[in-house]
Each structure stands twice: as structure tokens, then as C-alpha cells.
């Protein structure tokens, strides 16, 4: 049979493999593409193709990531796999590869290891909504009780980071054995099919961007004589319709106004939606009331904050970052959406300093409030040069 064309009718879900080094993430990724190709006729991707993942730049940070895709009867998946531990951390913090769910791979021969823990913690901090477990290398463990023990340990670990450990699907199998299958009906292929079923049923379908509350970061402000003030930007999520009330949030006190017009490419529209670059005409707003760095948002959907906790990756010297460590009290710029805002960094107790190439937890206090929520990404800059990337993990005030 020929290659099926890519059907857009199925819901699209972004997923990725996480877990400790050498526990079998890349082998599992290859096995999934192989079994899915045998069952659905999609393309199989070999281990070495995934392993030599090309390096990409995301906000100036070099990340090696492999992207594969496959289908189940219900969904289309885009799957990311990273060769190195540092790549995972950078990936999750920058949001370079958005994950709607993750498959955590744990070798039954080892049980949970330090990176297993770190990846689960990061998944929690950056807001990965759900995790499915693949217990790998089960063919190398003869003792059923040992498997039970490892499974229990993984469930407890998930629960300790506020994932529902007791309800999480745990699939046992061998990625390597599955990779050797010639048919999707082979016994060794069954765990992979079970895993895909678990992803289908357990990882929720992501909410479409257009269904979320409206938000547009303001890039520019113009005043048009006789018509009023227009702000331009790219709609990040939701839909804005002419006549709707909206808030202007961040930097200054929140203002409420009404959208009296939406235009795109100089044409008037009745609405703008996620992905559109638009100009929004605001009623009764003066040119000086609004500035770049604020956002337009659906009323009560987002609030301005100054103080937050964040997971941050600090660029290494090779990536063009700092050459020296920094300490509590460091004052760089935080680039949120469209603008830089100065903030002061506090390090966690017991952490003396942060070296280039490290990832760390920061407590940040900005000099102006910014419209923010958990999961918001930002860059840390010094004089226009990016020295770090982060994600808001908790709002403090």
C-alpha cells in the first residue's frame, strides 16, 4: 500500500519522551514509529536517525531535538526526543517543543534515577499536563516482584510531584524487542500498542488556541486622527470581536476599554483570532495611555504581577552567554513577550551562585508588573544579549 496522506481530520497532540540517560527513550521513540507504521502505514524512523538529532536555535540557545510523527486510529502525534540531558532541560524551559503530555521511560533494571526525578519535577514546573509511564527492559528482569516494586516506586515519585501516581498508566515492555518486530501482531509489539492506547485515552486533547481567552501582546501604538488609538500585535490566543470589552494589562494600572475596530492588511474585519497580525482600535484611550509590553486581554483572564518563582536555564559561554557566575541580587532585564523589564534575582536557600550552563530556580522581583500566569516563558538579557531563558513556575505576588 502507498503512503497515506497526512490527514488533518484527526486531533493533533504534541508529546515527548523524557527520563534518565540510557533508559531507552530513543529506542522507544524508534519502536513507536515502527509499530505505528506497521499498523497505520505511517513512516518508521530508525534509531540512528533520531539519535543524530539536528541542533536548533531557540532564543539563541542551541538544542538538539529529534521530531518524529505518527498516527493512531484516533490521533496524529508530533513527538520530540532529545539526545542529551541538557537538551531536555533547555527544551522544557524554553518551550521550544511544546508538550501536551510526556512518556517517561524508566528502565526496570534500574528503577527511577536522578534524571527521572529531575524531568518529572521540570514537567510539573513548566506545566506538562499529564505523564504516561513506559517501564522498559522488562525482558531483562525475571522477578515479577521486582517489577511490581519498580512500578510502585515510579508511582510514588509521580505522586510526590503532584501527578496522580495511582491513576497513571504504567505499561511494561521492551522497546528493543518491539523494534525487532515484523508485525504489529507480534507479542513484543503489544506493549507499544498499549502505550499508544494509553496516550490516546489518558493525555487530554489540548484546548485549541482559538478557544482560550483572548490575549494579544502590544507591539506598537498609533493614533489615527478622528478615529482614536490603534494598537498592533499578533493575537496569541482567543478571538477578539468588534464591540467586545477588553482590558489593557501590565506596567500601569489595568484599564478597561472597548474594541471598536479590527483591521488586518488595511482591511476592516469583524474579528481577529489566534495567529493573526492585527490592529485593534480602542475606544476612549489616549496614545500615551498604552505602551509596548502591555497586553490586550479578555476581562479578568490575566492579572499583572511583579514577584514570581521561575525555572531558568543560564546560557553557557559557548552559547554566547556570560563567562562568569552571578549571585543573589543580580539585576538583568527580563524580556516578556515584547519588552524588557528590569528585575532583581534571588537564589534559593543554600545556593551560593549560578554558573553559565546551569539550570536553577530563581525568585524574581520586577520593577513594573507584567501580565503573567504559570507557564509564561521569558528571556533574561544583559544589554540586549540573551544570557538565560526561563519559565514562570509560580506567581508569588
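Cβ atoms are placed via backbone N, Cα and C, with glycine included.
It should be emphasised that the depicted structure is a prediction, and the values quoted were computed from it without experimental measurement.
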Quiz item: From 132-135, 136-139, 140-143, 144-147, which range did Swiss-Prot mark with region 'G4'?
Solution: 136-139
Quiz item: Any idea which of the binding-site residues 82, 138 has the thinnest Cβ neighbourhood at 10 Å?
Solution: 138
Exercise. Go through the chain and flag residues at least 6 beyond the ends of the region 'G2' (60-64) whose CB is under 8 A from any CB in it; none is fine as an answer.
Key: 53-54, 82-84, 87, 90-91, 94, 96, 313, 315, 319-320, 386, 389
Quiz item: Could you count the residues of the region 'G4' (136-139) that DSSP puts in helix, in strand and in coil?
Solution: 2 helix, 1 strand, 1 coil
Quiz prompt | Least Cβ-crowded entry, counting other Cβ within 10 Å, from the binding-site residues listed as 25, 85 | solution = 85
